[in-house]
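Engineer: Annotations for this protein, taken from TrEMBL, read as follows:
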COMPBIAS  1-10  compositional bias 'Basic and acidic residues'
DOMAIN    134-268  domain 'SLC41A/MgtE integral membrane'
DOMAIN    372-515  domain 'SLC41A/MgtE integral membrane'
REGION    1-40  region 'Disordered'
REGION    53-85  region 'Disordered'
TRANSMEM  97-117  transmembrane segment
TRANSMEM  175-197  transmembrane segment
TRANSMEM  209-236  transmembrane segment
TRANSMEM  248-269  transmembrane segment
TRANSMEM  281-300  transmembrane segment
TRANSMEM  428-446  transmembrane segment
TRANSMEM  458-479  transmembrane segment
TRANSMEM  500-523  transmembrane segment
Amino acid sequence: MTSQLEHKEPPQANGAVPGDRLASPEHQEPAQFLGPQGTGVEVVMLESRANAKGVREEDALLENGSQSNESDDTSTERGAEPASPLKETSFSIGLQVLFPFLLAGFGTVAAGMVLDIVQHWDVFKYVTEVFILVPALLGLKGNLEMTLASRLSTAANIGQMDTPKELWKMVTGNMALIQVQATVVGFLASIAAVVFGWIPDGHFSMDHAVLLCASSVATAFIASLVLGMIMIGVIIGSRKMGINPDNVATPIAASLGDLLTLALLAGISWGLYKELESRTFVNPLVCAFFLSLLPIWIMVARRSSATREVLYSGWEPVIIAMAISRWACPCPQSLLGLVPALTSPLCPCSVGGLILDRTVSDPNFAGMAVFTPVINGVGGNLVAVQASRISTYLHMSGEPGDSPGPAPRRCPSPCSTFFSSDVNSRSARVLFLLVVPGHLVFLYTIHSMQGGHTTLTLVFIVFYMTAALLQVLILLYIADWMVHWMWGRHLDPDNFSIPYLTALGDLLGTGLLALSFHVLWLIGDRDSDVGD
């Protein structure tokens, strides 16, 4: 055996070694038998482990993040790590997604409580357009943050953030890009607030318009800076801990995004409103300062190949998604007086505004405004995780437009989406199974805080869960089709898919919930006086 171990065979393609040598127990610790002339064999052996075991392409997505740098480290200390990469099971996927998923739901609840407190501040009383600014800014910013999380998760999983140089390049490019997008989005949201505030009564105040612009742009800029750094820390930490960033990044971005953006908007607008009394020049100065930084961020973002394309083409899905899910925001006129402390949040404007506008003022739908942010938030967070995972899987096979399999992907069947043996189908099943326990937790929270006008009867819970399950089922299927469809048309799903999917989630959630309330009203299982 000694002569066999001392015999050194020439390296093969891709750094592989013969399978019989790899299977031998003696080769698990190469440092024990390598001679003075065999210093290079250890690297070859470490690099060959995944390939020699025949790991399939889809399983590459499930490897432990700490394994990605093994082939770059030639020290004997790395040889003590496990030889085979850790794989994600259905249990591990569910365990990794569960905490961020619950955190995102409670983030929605917390944002609602913050809005319920700050709506009594002077700036919200006398500059009522701020109420219109809330859903517009939160919706646009939410899509930017979730696409950033998806983009960085993919970059981390495919090894584009492994070296300090790559990490710095990815961080600077994406941080500059998100500042450009946030500044423009904040400016557009303020214009929308001014226009929709002016249309009903025909009154226009220049001081209020500048206040809205300064508040919106400053809030978007600061929130994006803070959240961007948090996302980078979460993704790097996830990789070091062996957690798939796709499972945690987008829900955390959603949970922290709404809460932080709303708190910043309230504080900044309150401070700038105080300045109107004595120093009116402060508001236009703040607005001009943040807008003047745009050329700098654009120059930095253009230098990175990873963000250059998004800088030009990443606006369409965000703007269209806002038009789908937040058109005809009914919030200032009809909702704030109806929605209790728990959900005057994300003003049910985070749902299809038209549907909600037709239902929330109907006494037959009393209490619906309480549950719409929850059902839409849960659906959006789960489908964002799935879209991010599928996109990462596709990026491992090449560039957008490359076929991930032997034949181009067509419209998938429901069986292939939910019941096949591949990794994406497995994660779809896990995410679908999280719907019921997650909603039960949120329903109990709403009920315990007396946040609704609806009794939590067994019949109501059954209808509510049916609507939630159907929403997520449809969203996961559409995500499977949409991400592959965009990939086949040379569009990066990380930048395009999530805004459309969350907007569709708003429409589906609101429509299905309205249908459930209507059926409950028809069968008489409603008590709209409870909780008043």
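Glycine residues also receive a Cβ, built from the backbone N, Cα and C atoms like all the rest.
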Engineer: Give residue numbers and ranges for long-range contacts of the transmembrane segment (175-197): same chain, 6 or more residues beyond its ends, CB-CB under 8 A.
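Structural biologist: Apart from its flanks, the transmembrane segment (175-197) reaches 128-130, 132-133, 136-137, 140-141, 144-145, 148, 204, 208-209, 212-213, 215-221, 223-225, 228-229, 290-291, 293-294, 297-298, 300-301, 304, 307, 310-311, 314-315, 318-319, 329, 332.
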Engineer: Other than its close neighbours in sequence, what residues sit by the transmembrane segment (209-236), given a CB gap under 8 Å and a spacing of at least six beyond its ends?
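Structural biologist: 127, 129-130, 133, 137, 141, 144-145, 148-149, 152-153, 156, 161, 167, 171, 174-175, 178-179, 181-183, 185-187, 189-191, 193-194, 245, 248-249, 252-253, 256-257, 260-261, 264-265, 268-269, 272-273, 276, 283-284, 286-287, 290-291, 293.
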Engineer: Report, as numbers and ranges, which residues of the same chain sit near the transmembrane segment (281-300): CB under 8 Å and 6 or more residues beyond its ends.
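Structural biologist: Tertiary neighbours of the transmembrane segment (281-300) are 172-173, 176-177, 179-180, 183-184, 186-187, 207, 210-211, 213-214, 217-218, 221, 272, 275, 311.
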Engineer: Tally the residues of the domain 'SLC41A/MgtE integral membrane' (372-515) by DSSP class, grouping H, G and I as helix, E and B as strand, and everything else as coil.
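Structural biologist: Summed by class, the stretch gives 108 helix, 0 strand, 36 coil.
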Engineer: With DSSP as the reference, give the number of residues of the domain 'SLC41A/MgtE integral membrane' (134-268) in helix, strand and coil.
Structural biologist: 121 helix, 0 strand, 14 coil
